[in-house]
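S.K.: Dumping the structure here so I can ask a few things about it.
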Amino acid sequence: MTAVLEISGLRKTYRSRKGVRKALDGFDMVVEAGQVHGFLGPNGSGKTTTLRTLLGLIKPNDGRMAILGREVPRLLPEVAGQVGAIVESPQFFGNFTAETTLSLLADAGGVNPHRVPAVLELVGLRDRSKERVKTYSLGMKQRLAVASALLKEPKLLILDEPANGLDPGGIREMRTLMRTLSESGMTVLLSSHILGEIQLICDSVTIIAAGRRVTSGSVSSVLATHASATVKVRLEPGVDLAGAAAVLRAAGAAVTLEKDHFTVGNASNPAQITKLLAEKQIYVAELTPVSADLEDVFLELTGTAPVDGANRQVDQVAATTTQGGWGQ
Amino acid sequence: MSLYKAETRRLVKRRFTRFFVLLTVLVLGLVAAGVAYSNEKVTPASLQAAQARADSSFAEDTKSAERDRADCATNPSRYGGDCDNLWTPSKDDYQAANYLTSQFDFRDSFPAMLITLAALLALVAFVIGASFVGAEWNSGGMMNLLLWRPQRVRVLSTKLAALLVSLTGLTVVVGAAWTGLFWLIANLRGTTERMTSGVWQSIGLMGLRGLALVLVAGAIGFAVASIGRHTAAALGAAIGVIVVFQFGLAIVLELARARFYEAYLLPAWFVAWMFKSYEVYDTYGPCEYSATDGCTPASFTITWQLSGSVVAGLTIIIVGAAMWTMRKRDIT
């Protein structure tokens, strides 16, 4: 596959009187052609800085970036016509109508003005296109932002939180739109906090934390690599669950009792469970791995899982969970 | 060219631009109406009426003077004891011209009207220029535009070019209408006599200097708002300059008895530019002796060339700073 977007060793440092803050600390990312690529990270992790840097709005301190094989920001004007983007919340001049806003952008970018009604239709704003943008809801502004990004018929579409402010129907429409665009050959880079959406839409993901890439690859491979070590254990009916749990706890297992089963959270070797219980004449009826979803992987890798009684601060990242567990 | 076209469209479509242009036209209309109302054409009938009023005043004042003279003879102390020097009205003091409503003399009065127009348009150009780019920065429109045309200096300079060309068009059209309107007023409520080609040339050159003033004001408003990334930055800077560098500085310089202090203040440079020169006097310095004029204060002439060079230099520095910050600063 051809890489549509390549970033390597990207660094951006902000200096202020309060000190130096590394927004990006050697960040890498590759997006292959025709994919919908999810770009995930907690607040303040460097997602928007990465996108702004890529689009020439922020100057990096170091690193290499290329879009469609052209080095940016040096050759950005050459590829800008093939890149549609919205960065952060949609921002438009409130006193212009949606139609005027897009028509001015089409003029500025040398795009055929006939595209304007087509993209307004595509994002569902056709009937409200002659109203001032300041009368729009956040979701409608978001649709307009997507329309502006699609106006150029880009090869690469960069969307920062496109579902922000959309109603459930709008989120579903956006998902369908992403899929349709991807099927038509467009590459989509999608930054979002709605991890369920990312898991549904995206072919691949990159997760960023504290300005660095913590993982990347296809969604399935990321989930597989960071599969949960938790297993669900169900015993034969009538067997004392608490007794069985005590046996495993005595051996160092992290057991959580449920109504009719229990889970072992650090079961890196599930065979140990059956062995220990069989030695006590307790037989396992069901032993299944609890599959991790993207949210679990995200929280684990970025160290942003909530901790009871603690108020996590924006830049605060917990120490990476150590690999391995009980039973090895 | 497409970017230039888009920016011109954007400028013209803005409600702020339309509102300010409309307001300017309204103010100019009121000024013209006021001038038309307060002037009257001199006709044989109005001249005759004025002469009658002059004669009547002369007769009344002569009677009053005779009464005073008689009163003085009986009670000289009320008149300072000197009845011989009491004023006696003279027919020469009661000219019909003094009893006429003024008439609009195009040759004498239109330059002042041209300066009024230039000053008003310069103010409007400053505000529109500041708002044109300031609102774009503030609303995020500039960032949007840069996603389409990632050539920062080119985008800003195209915006500035669209502004300046539009301001030129506005000034030329309004200037022509203004001249036509006052030509009409002069015909109906005054005179267009003594209008030689030399006078027209002088008015034309003054108009061109007025146009330059409008463009400079627009460019400075645009540049300061771009540096501050907000319309308020330019308006704040303008208020700051007026308060600090005009009122504040004028008071400080006067208290310090600074020499040629007017040369530090903007109005002197503005007047020098529009009227071709302005004389600044050293009222606090030693006088200069002259056998004919005696002791007169030293003076310094600000020519329109000097004024133009200083303002052009200042404009280049401010616009250059706007381009430099556009090129260097992150857009967040």
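In case you wondered, yes, glycine gets a Cβ from its N, Cα and C as well.
Okay, so TrEMBL annotates it like this:
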| type | residues | note |
| --- | --- | --- |
| TRANSMEM | B:112-139 | transmembrane segment |
| TRANSMEM | B:160-186 | transmembrane segment |
| TRANSMEM | B:206-225 | transmembrane segment |
| TRANSMEM | B:232-253 | transmembrane segment |
| TRANSMEM | B:306-326 | transmembrane segment |
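So that I understand the layout, could you describe where these features sit and how close they are to other parts?
M.R.: Listed as Cβ neighbours of the transmembrane segment (B:112-139) (distance under 8 Å, sequence separation of 6 or more from its ends, same chain) are residues 10-11, 14, 16-17, 20-21, 23-24, 27-28, 31, 35, 145, 156, 159, 163, 167, 170-171, 174-175, 178, 182, 203, 206-207, 209-211, 213-222, 224-226, 228-235, 238, 270, 274-275.
Long-range contacts of the transmembrane segment (B:206-225) within the same chain, counting only residues at least 6 positions beyond its ends with a Cβ under 8 Å from a Cβ of the stretch, are 111, 114-115, 117-119, 121-123, 125-134, 137, 159-160, 163-164, 167-168, 171-172, 175, 179, 231, 233-234, 237-238, 270, 273-274, 304, 308, 311-312, 314-315, 318-319, 321-322.
Counting same-chain residues at least six beyond the ends of the transmembrane segment (B:232-253), those with a Cβ under 8 angstroms from any Cβ of the stretch are 126-127, 129-130, 134, 220-222, 224-225, 261, 264-267.
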